[in-house]
Each structure stands twice: as C-alpha cells, then as structure tokens.
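As recorded in TrEMBL:
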- 1-23: signal peptide (SIGNAL)
- W79, H203, N242, W306, K335: substrate binding site (BINDING)
- D341: active site, proton acceptor (ACT_SITE)
Amino acid sequence: MKPLTTTMIPFLLLVIPIVGAFAACPPVSLNTSTNVWKNLSLYHNVYYSEQVLAAGPKIQDPVLQKKALQIADVGVFYWVNNVSNIQAVESAVGNSKVPCDRIVGVVLQGIEGRNCTSPRFKVTAVETYKREFVDPLSKIIGQNPGTAFAVIVEPGPLGNIVVNLDSNLPSCAELRSTYRGNAAYAIRTLNLPNVVLYLDAGHGGTIGLDKHLKLGAEELAALYKLAGSPSQVRGIAVNTANYNSWDLSPGEFSNPWKKPENFAINEQRFITMLGKELAKVGVPHHAIMDTSRNGAQGWRYEWEDWCNIYGAGFGRRPTAEGLGLELADAFVWAKAGGVSDGTSDESSPSYDPFCGKVDAFKPSPEAGEWNQEYFEMLLENARPEIEVDHGN
Ligand SMILES: *[C@@H]1O[C@H](CO)[C@@H](O)[C@H](O)[C@H]1NC(C)=O
Ligand SMILES: *[C@@H]1O[C@H](CO)[C@@H](O)[C@H](O)[C@H]1NC(C)=O
Ligand SMILES: *[C@@H]1O[C@H](CO)[C@@H](O)[C@H](O)[C@H]1NC(C)=O
Ligand SMILES: *[C@@H]1O[C@H](CO)[C@@H](O)[C@H](O)[C@H]1NC(C)=O
C-alpha cells in the first residue's frame, strides 16, 4: 500500500466531511412511476416557520394565536427566485438536516420576464439562468443525496405564452424560446435520482380554456422533448400561488358570461382535461396542486386575478391521501401564505395594477414581504378550519 502523500491530503479533507455529512439517510432514488408523496411528507420551510412563530404573539385573539402555531409545522416549498434565495435553501436543508421521511419542495422561478406584453418584459439569458439558478441548485441537490427534493419548474411563462401565441409580438416569441431553452436546461440538469420534477402548468383559468388545452400540452411537450424526456419528470404542478378550488362545482367562474369556453371549472377537472392532452403528446401527467390559499372561494372579480386576493383562506394541508383522482399525487403548499404577492402602493416602481384591483388586499407590502393582517385573514378563513385544542 502506498503511503499517504501530501498531494492526497487535500483530497481526503474534501471527501471526509462529505461522507460524514450524509451518513444520516441512505441515498434516495425516487421512482417516478410511483407517487413518491405516499411515503414522504413535505418538509417545512424554516424561514416561513420563523415568520409564523414571530407573527403568533402579535395576534390578539388567543384562539387565532393557537391556530397560527399550527401553521409553523406545515410543509411549505422554498422559492428559488433570486440569487440569495439559493444560499438560503442550502443553509436550510444542507448537511443532512432533513429527516429521511421528508421531501423538500423547491419552486424554481429564475425566469424573470414572465409577461411578454408588459412594457417591463426582459429576456433572461440562458447563460445567466444556468449560472445563477440551475447550476447552484443542482449542486445543492447533488450534495445531499440522502434528501428527496420535489421541484416545480418555472411557474408563470406557460400561460402567458399560450394566451399570446397569435399576438405576433417579438417579445412573446422571445419569451417562448427563453422558456423552452431555460426550462429544458433546468429539467435536464436537475434530473437526479433524489429529485421528482413537476412542470408548472398554470391553472384552470388560463390553460384550462378549450382553445388553450392542446396548445399548452404542445408547449410542455416541446420543452420535455428538447430536454431529452428526463426520467425524473413525473408530471405537472397546478394552481401554484393561485386560489382555485379542487372540486367546487359549479366552479367559481363557471358562470357562462364569465368563461363560456372553459369547462375546467375546478383543478380536478383541469388535471383530467390537460392530462388527456399531455397523454396524446407523450408527456408524464401526474399532478401536484397548491392548496395553500384556496380555502375560501368567491372573492375574485376575475379569474385572472392573482394578487393578494381579499377574503382568501388557507386550504387543505399538504397530503397525499384522499384526493380521489389517480392522476393527482398530492396537495402541497407551494406559496407561503402571509407573504405578499406584490405591493398595493401605486408609487412603487414595482407596482403591478393587479395588486390595486378591487379584489386585492390593501395595504400590501412589496412582493416577498410579510403581511401580518393578510396572514390573520388566511387563518380565520381557513377551510378546513385549523384545529386547536380549546382545553387550555
Ligand atoms: C418503479 O415502479 C414501477 C411501478 O411500481 C415498477 O414497475 C418498477 O420496477 C420500479 N422501478 C424501479 C427501478 O424500482
Ligand atoms: C413506500 O414504502 C414502502 C415500504 O418501504 C414500499 O414498499 C413502497 O413501495 C413505497 N411506496 C412508494 C410509492 O414509494
Ligand atoms: C401583462 O402585462 C399587460 C400589459 O401591462 C397587462 O395588461 C396584463 O394584464 C399582464 N398580464 C398578467 C398576467 O399580469
Ligand atoms: C430575494 O428574495 C427574498 C424573499 O423572497 C428577499 O427577502 C430578498 O431581499 C431577495 N434578495 C434579492 C437580492 O433580491
């Protein structure tokens, strides 16, 4: 046997801590022919839990205060939508911190310009996207092979692309090719054994329209095939950060004068209808649905409205049980309820008119900031209600 040479020392120093770090859980290999949520429950977002625990004591009503404490334990996704968020994911889930029976949820949203008809539209270059988002995220996931990850890929662009397909705007053609190239790179790179991937498919109110279902499926197929049909893609994510109901019938917007051409009146119908189209074009189509803020219905003015909807409530807690649709894997909480979607302050440079609409909660702080009153409203309007022990 060769003696240890000095050149081997740096190598050993590198290997020992890594081996030591993931001794806690054996390497994860997710079989995407199965519903992985049956055995793994969604890990909590440690930053959100901290926000919730800080919010609790500010609540006057003692029952509501107890309800808030329940929310601190609920599984919630991590959002990777700016460079500093990625470091935050690493600190939260690195070094085997996550118990073996959990799955870490990540929403990858590195494509910045998601509305091609907006004057603020700009292209996210593939090189930037790779360097700032996908490669660092894939590194973190690769360094934690004993931890399972579920990644929702790029909410936002798909609906905008499909809605504007016949606009002939150069910016919309740019968004389409940016989305396709960037998201394909993402799913090809994140196609690791400890990852299950869900392509964001918008919600019933956008892609669910009769005239959009086939086009939406074809866009997802183009991206999936460009990426080389990665094995870890399980299907689609629906209703991310949105408010649609799972099974309300007639749906909130099934009134004919509102949407005569849309039969995807709830997300259960949407998954079924889009699933049929995806099957035709060879794309996996099991689904997860965000139920973080869909507990209360009937508050939106228009189906398109997405910003801090007034009257909303927390929805079903994350679960893989009792969904009643084979295509549906799990209800998840992708959005961290209480974190603002955008500011209602018209003088802010980041003001979006959707956040000033009649159905938007006011005042609301900048996107990503905590809104205590909104959080309390979500608690009060939660359905099912948040159970608390009334004993003491
Ligand atoms: C994945 O699950 C399917 C369905 O249960 C099974 O047929 C297949 O053998 C599994 N693959 C691996 C690699 O375990
Ligand atoms: C869940 O775990 C059990 C026991 O380890 C295993 O038999 C089963 O295949 C797993 N199910 C899924 C969907 O992974
Ligand atoms: C996109 O931007 C246009 C122009 O500002 C606006 O009318 C439209 O409502 C926006 N779409 C979304 C989904 O925000
Ligand atoms: C990234 O987003 C978080 C919240 O989502 C925010 O607190 C932080 O300031 C952002 N950082 C940058 C560099 O934009």
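Cβ atoms here come from the backbone N, Cα and C positions, even for glycine.
A coil conformation is recorded for W306 (substrate binding site) in the three-state DSSP classification, outside any helix or strand. When secondary structure is read from DSSP and collapsed to three states, the residue listed as 'active site, proton acceptor' falls in the coil class. Here the Cα atom of W306 (substrate binding site) is found 8 Å from that of D341 (active site, proton acceptor). For the substrate site, whose annotated binding residues are W79, H203, N242, W306, K335, the maximal Cα to Cα separation is 19 Å. The separation of D341 (active site, proton acceptor) from H203 (substrate binding site), Cα to Cα, is 17 Å. With a cut-off of 8 Å between CB atoms and residues at least 6 apart in sequence, the same chain places F77, T240, A241, D290, S292, R293 near K335 (substrate binding site), listed in sequence order. By neighbour count, meaning other C-beta atoms within 10 Å, the densest spot among the binding-site residues W79, W306 is W79.
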